[in-house]
């Protein structure tokens, strides 16, 4: 049943031409452990191939070798038997994933194929809501008891390409893989949609038809990739079984039409090469027929025809681009580079399917990587074309507008200089308005704003925060004895001491008013708050500063509140709690740290 493909020069040329055909007609079967080792689990996969009229007893089980591949397009029924044994001493949870979302019918049996055994009826011909685990692929849970062989049967029948990549997952690793994969999907599909929307906006402004057909191509490519990854059935049309069954062939045909129209307008084929223009028009007519046929002709036929014609369109586009570039049409260079990249990565995909390249992140997602690069390069090509048109118009008007240009440049320079001066002045004014002039610390105004932002952030992410109120002990007596200038020097020395006691850039110390200071520590729990508070208290206690040849010493009292704020908390509540703790420090003899013990409310 499985045949080895020998690569001669003739086959290489044929593979280059039939990239999509080989992809859509491939039968790929493999099983892999993901997150578990061979010391934990041992498995073996067997298979049978049946005609629709045959039963399991009509053929024998054959052992499947790793990464065994073949090619063909068939309506046969494939039955796979997985024998798996847990070699450990504890029950292991696993997820069995068939990582190919385009299978029409996939029935999974546990233990045996009897109607009474547990059965999962999956496939893209079934509503998505029927799946036990809501995933783009087919995933079922299982618990493997120690030293016991479990048997699972997988019955596959499909009109699309038959692939059976079976992964035996550790659930933790599976979910980690999903997170990483959806990160890539977000990057890929986000970029594709942004490029489409951006160029649609450009089209609405310049009304250049190449932009419109570029958008058609990009959206078709995006939806095609989303469909073959199972994402559209998962998120866009999970209940539309009929549309899901034809969407891939539909988007293949609209991609072909978009490419052909795009090259006609972008490469100006009507003037640059009338013969290639006529060939492209014929291909467009064929693509229009195919688009209509997707609603009538069965998928397994239309996808093969569409794959051949799409390959032909790619070759036509590549040849046309290089021919027009050779004829001197400079704007074709990005176009040629874009299609060259896509053809190369497409060839890499085929080499993976026929077993000449190993499965890797690159080969598995090479089509998406290549299409992403191609879309970006085509956007550059459009941008260069628009820039070229602008430069030509500019050169025609340059002499008449030269004096106006000089005047505008001088005016813009003056405006830029004035704007920069105003920005510098505004920054200085902003700093002055939020800085305490005596101590150089942030003032009460800045504290309120910063505290409100930190409170909202900690509420949102459920993180702890610490607020400290600090007061210099007996400061009024200090002022009365030594004078207000000595008091100012004391405030400056204490402010500096508190600042150097903080270690993290996000920590804030501000002058609250008079001899009171406030310290805000984000992402800090009680243990961290104790260390910081005692460090500040101890540093101030050891502080000595000079005033009129006298050595001065002071101490401080601290009130601390540590809280993971909820929706009912406010900065006023936190300040009030810290203030209460500060007063308790004062009442208990000063030069100490008191934590607020009750619930802030």
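The backbone N, Cα and C atoms fix where each Cβ goes, and this holds for glycine too.
A TrEMBL annotation is a machine prediction, not a hand-curated record.
Secondary structure of the domain 'GGDEF' (463-598), assigned with DSSP and counted as helix (H, G, I), strand (E, B) and coil, comes to 60 helix, 38 strand, 38 coil. Taken from TrEMBL, the feature domain 'GGDEF' applies to 463-598.
Note on the transmembrane segment (182-203): residues 211-212, 214-215, 218-219, 221-222, 225-226, 229, 231, 365, 368, 371-372, 375-376, 379, 382, 386 of its chain, located 6 or more positions outside it, place their CB under 8 angstroms from a CB of the stretch. According to TrEMBL, the transmembrane segment annotation covers 182-203 (among others).
Under the heading transmembrane segment, TrEMBL lists 210-228 (among others).
Positions annotated as transmembrane segment by TrEMBL: 240-266 (among others).
Per TrEMBL, transmembrane segment is recorded for 278-299 (among others).
If you look up TrEMBL, you'll see 305-325 (among others) marked as transmembrane segment.
Annotation source TrEMBL lists transmembrane segment at 337-357 (among others).
According to TrEMBL, the transmembrane segment annotation covers 369-388 (among others).
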Notebook entry, point to check: Relative to the transmembrane segment (278-299), which of 210-228, 240-266, 305-325, 369-388 accounts for the most Cβ pairs at distances under 8 Å?
Noted result: 240-266
Notebook entry, point to check: So which residues does the transmembrane segment (369-388) touch in its own chain, when a touch means Cβ under 8 Å and the partner is 6 or more beyond its ends?
Noted result: 188, 191-192, 195, 198-199, 202, 206, 208, 210-211, 214, 218, 221, 225, 262, 266, 330-331, 333-335, 337-339, 341-342, 344-346, 362
